[in-house]
């Protein structure tokens, strides 16, 4: 008995380190040049994370058998079973990738989510990971902004990728050191929210750290604006609206105002505030476009023996040709989503397989004229991806869970009058930002990215705080 307790204690400590290790690897994989590291080094970093995650699941299952208590969320566990069925039914279409994404998804749902959902001390690990993310992302965003200032650019075609690896400032947008500026913008917003958490909720006292967090927030915001990511801008404005609405509504309720009055005033003021922020961001964006030419003019003055050359700085062009020259407002997403729905219609119950590779392989076999088959791109929406990849059964199972948890977040916003004083307020904002991104890009589910990791880690923490405790031997939280 004592030996079992010690083993369990060691497992729990190791689980905490594992969460930090797994998340850090996912952060590093967003670094564009990561694609150039030797395959053996990538294997050394990634494979142990997968093996250890599976071992944690096996250990948990053994403990459940011993205690005769199933502690996993039933809907999430069923969803994994459905993913397995879909993979077997579509074994002809990239079975290896389907099994790989099934294992990855098992780690997210049964290790990462369960870690923060069932353990009170997980808040310390989440805070530690937030510090790691801010620090690593600050370095990458700083390098990216420097690349914009000096107009550095690099592009190389890589095998098995539709788009080349683009680094620096090119195509009138800032890629920086990231291979996907749209997704990088989302994580920039997450970094800003985490920074605000340490500034206003944790209220750190060190002046140096506070200055660093403000600088980090500005650099991240600069990247969002210079990246040309419309999704990133929409997410930023949505978070401004949600934060403003929540804070003002809770303030008015505490002052004794009626709920209808508080909601109406909060809605109006937050809408106006969001509009003002949108205007300010546009002004800031235009100001940032002048910096490269200003730096160039300083270099010219130095080269001409400090003789002042008076000239008006020319702004850098941030008009994306792929957007301005296209009549498709969705930038190709409508065509991609149409292909996803066609696949769903052909395989209504269990879909065509959960992985991007499986979906592309199926599209090439049965829908060769679709945009997905020709480009190999993902379905660019977690809604369409889940529907096409796991069919109606998988879709209903997962979104029954997702919508239930969305209700918890909304309930917390309206009923917890002290939400803004807690870390859970920032959890809600980050989960909302990643969810918005997931609607327009493959995220949260059926992917192996830092956004999905953050979503499940923070959702578990939020559910632990707000979901009513159940006495059933089955976990529904």
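Each residue, glycine too, has its Cβ placed from N, Cα and C.
Annotated features in TrEMBL:
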{"type": "DOMAIN", "residues": "217-399", "note": "domain 'O-antigen ligase-related'"}
{"type": "TRANSMEM", "residues": "16-34", "note": "transmembrane segment"}
{"type": "TRANSMEM", "residues": "40-62", "note": "transmembrane segment"}
{"type": "TRANSMEM", "residues": "74-93", "note": "transmembrane segment"}
{"type": "TRANSMEM", "residues": "99-116", "note": "transmembrane segment"}
{"type": "TRANSMEM", "residues": "128-150", "note": "transmembrane segment"}
{"type": "TRANSMEM", "residues": "183-201", "note": "transmembrane segment"}
{"type": "TRANSMEM", "residues": "208-226", "note": "transmembrane segment"}
{"type": "TRANSMEM", "residues": "232-249", "note": "transmembrane segment"}
{"type": "TRANSMEM", "residues": "261-284", "note": "transmembrane segment"}
{"type": "TRANSMEM", "residues": "382-403", "note": "transmembrane segment"}
{"type": "TRANSMEM", "residues": "423-440", "note": "transmembrane segment"}
{"type": "TRANSMEM", "residues": "446-467", "note": "transmembrane segment"}
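Between the transmembrane segment (74-93) and the stretches 99-116, 183-201, 382-403, 423-440, the greatest number of Cβ pairs separated by less than 8 Å involves 382-403.
The recorded stretches the transmembrane segment (382-403) and the transmembrane segment (446-467) share 3+ CB pairs below 8 A when only pairs 6 or more apart in sequence are counted, and are therefore in contact. In this chain, the transmembrane segment (99-116) lies close to the transmembrane segment (446-467): three or more C-beta pairs between them fall below 8 angstroms, excluding pairs fewer than 6 positions apart. The highest tally of CB pairs under 8 A with the transmembrane segment (16-34), across 183-201, 261-284, 446-467, is held by 446-467. Same-chain neighbours of the transmembrane segment (208-226): 134, 137-138, 141-142, 144-145, 148, 169, 173-174, 176, 181, 184-185, 188-189, 191-192, 195-196, 198-199, 232-233, 236, 281, 284-285, 288, 318, counting only residues six or more beyond its ends whose CB sits under 8 Å from a CB of the stretch. If you look at the transmembrane segment (232-249), the same-chain residues 6 or more away from its ends with a CB under 8 A from one of its CBs are 182, 185-186, 188-189, 193, 221, 224-225, 262-263, 265-267, 269-271, 273-274, 277-278, 281, 413-414, 419-420, 425, 428-429, 432-433, 436-437. Against the transmembrane segment (183-201), stretch 423-440 has more CB pairs under 8 A than any other of 40-62, 423-440, 446-467. Proximity of distant same-chain residues to the transmembrane segment (261-284), defined by a Cβ-Cβ separation under 8 Å and at least 6 residues beyond the stretch ends, is recorded for 221-222, 225, 233, 236-237, 240-241, 244-245, 248-249, 252-253.
Residues 123, 126-127, 182-183, 186, 189-190, 193-194, 196-197, 201, 231, 234-235, 238-239, 242-243, 246, 333, 380-383, 406, 409, 412-413, 416, 451, 454-455, 458-459, 461-462, 465-466 of the same chain sit 6 or more residues outside the transmembrane segment (423-440) yet have a Cβ under 8 Å from a Cβ within it.
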